[in-house]
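Engineer: This is the structure, below, for whatever I ask next.
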Amino acid sequence: MLITASIIGLAGILMVVGVVRQLILVVKNRHNLNLGYFLPITIYLIFLFLPTGSVEDYLSPIKFRASHEGTNAQSVIYFRNDHTFQMHSTMAFFSEWSIGKWQQKKDTLLLNWDGRVHPKLGRTLLVDSGYLKPLDALVAKELRIRPLFYLDCCKGQN
């Protein structure tokens, strides 16, 4: 996933550089212009602005999702069929992405975070009554009693 995004980003940068280079050639040869100077620019711009579809087309399908809504915050976790997950949190002044791998054993989810473990979720979650209930001792007791994340999309309850 990261390699594909890097290749797409590099291709975009190379196209922008190509357009700038070709525009410089057009300006330098403005007294002697023909179609040959504009054809590369046209091709670059077509591919630069060509809709390539959603990034979701390149990722594994979503098996299920969980959401959390706060006053100034919202988080969504996507659990994918290839047993990876990604969590996107938006708060008042910033946004954060977290990724990792997950396993399901009956009604328990085991999360293996790439990087920092989310303090409100931990590594072990119980799926119960439509909520993800943290089981880790490192998660605050209040959050284990009253879970924040519910299964499904954000419902706009806050």
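Heads up, the Cβ atoms here are built off N, Cα and C, so glycines get one too.
Keep in mind that TrEMBL annotations are predicted by a computer and have not been checked by a curator.
The following feature annotations were taken from TrEMBL:
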- 7-25: transmembrane segment (TRANSMEM)
- 37-55: transmembrane segment (TRANSMEM)
Engineer: Can you tell me which parts of the same chain pack against the transmembrane segment (7-25), counting only residues 6+ beyond its ends and a CB-CB cutoff under 8 A?
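Structural biologist: Residues packing against the transmembrane segment (7-25) from afar: 37, 40-41, 44-45, 47-48.
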Engineer: By Cβ distance under 8 Å, which residues at least 6 away from the ends of the transmembrane segment (37-55) in the same chain are close to it?
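Structural biologist: Non-local partners: 5, 12, 15-16, 18-19, 22-23, 25-26, 29.
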